[in-house]
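Listed in TrEMBL:
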SIGNAL    1-21  signal peptide
DOMAIN    79-159  domain 'Cadherin'
DOMAIN    160-268  domain 'Cadherin'
REGION    260-289  region 'Disordered'
DOMAIN    269-383  domain 'Cadherin'
COMPBIAS  269-279  compositional bias 'Polar residues'
DOMAIN    384-488  domain 'Cadherin'
DOMAIN    488-605  domain 'Cadherin'
TRANSMEM  605-636  transmembrane segment
Amino acid sequence: MRTHCFLAVLLWSSVFYVVHMTPSQKRTNKHSYSERITGMSENDGKTLHRTKRGWMWNQFFLLEEYTGPDTQYVGKLHTDQDKGDGNLKYILTGDGAGSLFIIDENTGDIHAAKKLDREEKSLYVLRAKAIDRKTGRQVEPESEFIIKIHDINDNEPKFTKDMYTASIPEMSGVGTSVIQVTATDADDANYGNSAKVVYSILQGQPYFSVDPETGIIKTALPDMSRENREQYQVVIQAKDMGGQMGGLSGTTTVNITLTDVNDNPPRFPQSSYQFSSPESAPPGTPLGRIKANDPDVGENAEIEYSISNGDGSDMFDIITDKDTQEGIITVKKHLDFENKVLYTLRVEATNTHPDPRFLQLGPFKDTALVKISVEDIDEPPVFSRPWYLIEVDEDAKEGSIIGQVVAQDPDIAKNTIKYSVDRHTDLDRIFNIYSGNGSLFLSKPLDREETPWHNITVIATEINNPKQSSQIPVFIRILDINDHAPEFANYYETFVCENAKAGQLIQTVSAIDKDQPARGHKFFFELVPEFAVHPNFSVVDNKDNTAGIMTRRNGYSRSKTSTYLLPIIIFDNDYPIQSSTGTLTIRVCACDSRGNMQSCSAEALLLPAGLSTGALVAILLCIIILLVLVVLFTALKRQRKKEPLIISKDDVRDNIVTYNDEGGGEEDTQAFDIGTLRNPEAREESKMRRDVIPETIFQIRRTAPLWENIDVQDFIHRRLKENDLDPAAPPYDSLATYAYEGNDSIANSLSSLESLTTEGNQDYDYLSDWGPRFKKLADMYGGEDSDRD
């Protein structure tokens with residue numbers, strides 16, 4: 001029966017080959033190996049006859065992993081054309097031909113030369129031919145056949161991962177899926193049970209279970225708590241052969257983590273807490289930290305703290321530290337030991353992310369009692385107000401009390417307070433304060449117009465502890481009184497035309513007042529009583545703090561009166577009424593027909609009537625030309641230069657007058673003679689100038705004798721005049737300057753001109769006593785060394 005099966009497969013292959021070669025065919029399979037296929041050829045329409053072929057096969061299947069001593073027999077190729085005389089040769093080609101499969105070319109027997117592995121290759125396609133050895137022609141068409149490898153259970157199941165990682169929320173119900181593991185078997189799943197895998201759990205019971213067919217791991221116990229155990233390691237086995245004895249198996253490890261859920265409320269480790277705070281602690285000062293424990297993690301452990309009730313809920317606050325999940329108690333308002341010593345708070349800790357599934361377990365919050373005691377400290381004095389405003393009239397007398405500040409010691413001791421004014425805020429010392437009761441009084445008069453506001457600082461200090469002090473600003477407003485009279489707002493330059501008519505407005509005046517009455521300024525203008533009826537001008541009050549100056553007659557004459565003085569009284573309307581008299585100067589001027597001023601000078605009337613404007617211009621031009629000529633002459637004279645007689649700098653005497661140069665000192669006997677200044681009648685000796693080359697030698701003209709009581713200054717002016725008039729007087733290119741020092745100098749004369757009349761050396765040590773400005777002179781003339789030098 002087995003042989004017939006093989007023959008059927010081979011015959012099917014042959015028929016398939018023929019069918020593939022013929023476009024239209026009809027196939028009939030018989031065990032007698034006879035077949036007739038009829039069809040029309042496209043060329044001649046002849047009937048085709050298939051030649052009967054007889055192949056003989058013994059085997060088409062091989063077992064893998066054959067370990068026998070001989071090569072494994074596959075099958076035999078045979079054709080009816082083989083007469084057994086050795087004329088035919090069998091040839092095998094295809095997958096593994098010649099290497100895995102070898103054929104006996106004489107008998108057609110096929111053997112497997114090597115051990116085969118179905119997992120590497122389960123199917124081999126081969127082709128067989130029968131060739132006539134003599135002619136080399138095929139006696140049968142090439143035929144294809146298949147060799148299949150039968151599987152044996154030689155591969156164990158293998159998981160897709162060596163290790164699996166999974167997680168599941170804690171408190172999950174029984175049967176909750178965790179993860180699915182998968183194992184594969186390389187054996188043939190279509191042949192036997194070699195590839196049928198069954199899953200089982202080796203480690204992880206009783207917490208987890210696994211489905212034997214799908215490999216899905218599920219929870220096996222209810223309400224597993226992460227807080228009790230978080231990590232689990234489960235070992236899963238996969239076994240082939242349906243889990244029967246002798247099957248191969250493989251294992252894998254699954255690490256399962258229980259994730260957190262909010263199934264635990266926060267709990268304070270203690271029921272009450274105690275803190276203390278100094279009464280001087282400013283708002284926002286932290287006093288301490290409290291913390292409620294929550295075994296959950298992440299957002300499930302986040303806690304919000306609050307003050308639910310207590311007598312200190314208005315004085316203290318609590319904030320949540322998000323990093324540490326602690327509650328920080330802080331001061332909310334200023335504390336006062338004298339007012340309250342102890343406060344009690346009820347603090348509540350609540351989960352911010354409760355899980356509705358576990359609300360039945362109870363409220364997810366907890367409370368604790370917090371007691372805060374206030375500590376007494378020595379506090380500075382406290383004023384009754386945050387600031388003071390005092391109003392005082394500017395005419396208040398010195399020493400009068402203008403107001404009072406009050407401060408007290410908030411401590412139980414109630415120490416005595418003394419008051420003082422911060423002088424940095426009252427540099428002029430206008431105000432003072434009684435140190436015992438804080439009454440402010442004036443030390444100097446006030447002037448609102450100079451300083452309308454004074455801002456001072458008052459200091460309150462404890463007598464027993466001067467370090468405890470506080471300050472308070474005091475704003476003093478100076479109230480105005482009518483102590484200034486109004487006056488003209490500007491200086492008015494008023495004029496009246498000679499041809500003015502009666503009732504003509506020549507000036508509008510206004511007034512200002514340094515005072516500032518509450519109802520505003522109101523000024524009144526009128527002439528002084530002595531000029532109540534002025535013959536020339538009148539004052540008209542405009543009722544708007546201005547007044548108009550009006551003429552009272554026709555025509556005014558400059559020749560008779562060039563200027564009028566009009567005294568005007570200005571009143572205000574405050575109490576007491578203040579007034580002042582302002583005199584308005586009115587000049588009489590010549591005007592054109594439209595009232596424009598042309599001239600107001602009275603001297604213009606004295607000019608000759610026939611002197612026209614053109615004549616005045618000509619006179620001015622002449623004066624300008626003369627001035628230009630004088631300037632040109634002076635410039636040309638200064639350009640004349642004289643060649644110096646002495647070229648060497650070493651031989652130049654101090655009598656050569658240069659610009660910005662001093663006199664020659666004591667040794668200069670040629671330039672000046674103090675005797676001439678002392679004796680006006682003295683005559684100069686005939687001395688020649690040695691600094692210039694004279695063009696012509698002139699006899700120096702002697703001056704006339706002077707009277708005995710002539711003044712020295714007048715003498716110098718006369719000498720200057722003589723030199724100016726004498727063309728031969730040297731120097732020709734320099735300016736001879738004569739200076740007069742004067743009499744009765746406190747320091748006496750510093751000049752060295754009188755040194756000729758002094759016998760012996762002079763003592764200049766007193767110059768050292770005159771200060772740093774005379775240090776240079778003291779170094780030059782003081783001491784014997786300087787004299788010798």
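Even glycines carry a Cβ here, placed using N, Cα and C.
Broken down by DSSP into helix, strand and coil, the compositional bias 'Polar residues' (269-279) contains 0 helix, 7 strand, 4 coil. For the domain 'Cadherin' (488-605), residue counts in helix, strand and coil come to 6 helix, 55 strand, 57 coil, using DSSP. Residue counts for the domain 'Cadherin' (160-268) by DSSP state, with H, G and I taken as helix and E and B as strand, are 3 helix, 47 strand, 59 coil. The average pLDDT computed for the domain 'Cadherin' (269-383) is 92.
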